[in-house]
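Features of the protein shown, as given by TrEMBL:
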SIGNAL    1-24  signal peptide
DOMAIN    54-340  domain 'Peptidase S8/S53'
ACT_SITE  Asp62  active site, charge relay system
ACT_SITE  His124  active site, charge relay system
ACT_SITE  Ser301  active site, charge relay system
Amino acid sequence: MKSRFALFVCMILGIQGFASIAQAKTPDDTFYFKQWYLQQIRAEEAWEKTTGSKQVVVAVIDTAVDIDHEDLRGNIWTNPNEVAGNGIDDDGNGFIDDIHGWNFVDDSAELRPNAEDRQEAFVHGTLVASLIGAEGNNSRGIAGVAWHVSIMPLVGLDASGSGSTVDVANAVNYAVLHGADIINLSIEGHLRDPLLDEAIAFARSRGVLTVAAAGNSAYLFGSNLDEMPVYPACLAKEGFYGVISVSGTDQADAQAPYANYGSCVDLSAPGTDFFGARPPVIDDSGAYLEPGYAGGYSGTSLAAPLVSGVAALLKSAHPSWGATELRNHLLSHSAPLQDSALGAGRLDAALALADIVPGSIKESLELRASMPGQPTRIQLWADAEILEFAPFGPEDMRGARAAFTDMDGDGSPEIIAVPATGSAGDWALYGRDGQEIRRGIIGMPLKNGAVAAGVRNGFVLADPNGGMAWGYDRSFAETVFYPFGKTYAGGMDMLGVSDAAAFVPSNGTGHLAITDAAGNLLVNVFPFGTAATGRWSLARMTIQSTGFLVMSGPLGSLRLDDKKLGKDGWIQATLDDLATYPFLTSSGFFTEDPLFRRYDTWPH
């Protein structure tokens, strides 16, 4: 029996009725007029600053989530290191085919609710996920607080709404190790488990914010958490855990009748009369037995995801912020309440985003390129679109490698593309809009394809099978240079890092050279010592908002904060590090689409 202590969802069913509120500016979602709670937290003003980013990952640890729901499927997280449906644990994390998350109750990759098991909490996980991140302004359904976000569904409770601290703790650990920025826990239990405490402390240590519901009470005016604490919400009293505990308010900003209160509570948010997405039930003929949207839900379970959603907006505006910054900012930028037992105040999205200048937030982009042997295409993945173009003509089959750069220093990226195979050294530069800016050709044949790196005000191309590199500045003046000297032609790996080009030899000493576009040496070091020889490679790894350059070879892997390149401080990088955190290489990294590899992200 894996259960240690029981946990339950904190949602109340069956309350009906909605306020109709006029809006001066609204998204076009069909049922937005029923979402009074979004006007209450002033989401519209916040959306003028940012509607979120799919680079922000929010883990929803709850009952099963309908990942195919029309209003959620575009915002469901995908494990970049797992190949769908092959029955193999591709990323070596112990979970087979965890493409979109994991079901810790059934120990399976099945995240969807079972329509044959429609118990009380059948809708709960889907509803919570939709409040955080239903696709906004898409002419259907509802709007989530964050229109653009990546929801990581992790099943920790069954359809009855109950579960064990063991499963939830395992889900928390999974979320942290797979890149979650925020964890939503709309659950409560009256017994404290050190196992779950440890998992949440681990989240805090990695900069991950945990948002927990303060729980509901059978008593008319809620329960005093100082007398009857619930967990994990009351971990908020101990700053070590970095938890935001959320209680519920009504439309008059008063304590919701069921909502718990006391010194455990950090913040309150609307928690009554919710309308949201739920799993539709469809018969064999395609007729809807139960709809995909419904109302009448209340509970601190639903107040908490509003906080998680605003935290996601805030994270998109401040990518470097971790749990401490997000928590402190949300609490200090809340609307005051008369009742001090409801925390610092009521969630206020507009106030939380007030310091953001509209248009100042850099969008998050991902650059992909096709594999050889099929039509060569570049894909630019943005929060609300996928832009695809053919850099070398529609008939080219050489595949491509690509990188972001900022040639003109305006903060908007350009894309440099080179062929992945063949001897022709042609290159093409495109703008953010997919329009060609310039193309050229290297003045000598390549052995088999090229690699590219974006550097400050330019880009660098290199022959991965030789020893030459070509740098181009913003005027497109070309500089030919040899990172390891003119006599070396044994192949090399190159990767853009900190607006410079990093090189290591494919065969030779463990030499790391970092240059600018003119070939000037910025860093010239031997992280493994001058006697180490063999085959070397580079990767750029992201842990939360910190970038690391990783150099690997016969003596293992070392990583260093990319802001400290060339200085002391290299530390061991384990295989677990590389399997757990997103990383990039010069030859790309596989995606959920086997025909494309991921080459770069923006901003750098």
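From the backbone N, Cα and C atoms, a Cβ is placed for every residue, glycine too.
TrEMBL does not curate its annotations; it predicts them automatically.
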Distance between His124 (active site, charge relay system) and Asp62 (active site, charge relay system) at the Cα atoms, whole Å?
7
How does the model score the domain 'Peptidase S8/S53' (54-340) in terms of mean pLDDT?
93
In angstrom units, rounded to an integer, how far apart are the Cα atoms of Asp62 (active site, charge relay system) and Ser301 (active site, charge relay system)?
10
Taking 10 A as the limit, how many CB atoms besides its own sit near the CB of Asp62 (active site, charge relay system)?
29
For Ser301 (active site, charge relay system), just count the other CB atoms lying within 10 A of its CB, please.
32
With every protein chain in view, how many other Cβ atoms are within 10 Å of the Cβ of His124 (active site, charge relay system)?
29
According to DSSP, which of helix, strand or coil covers His124 (active site, charge relay system)?
helix
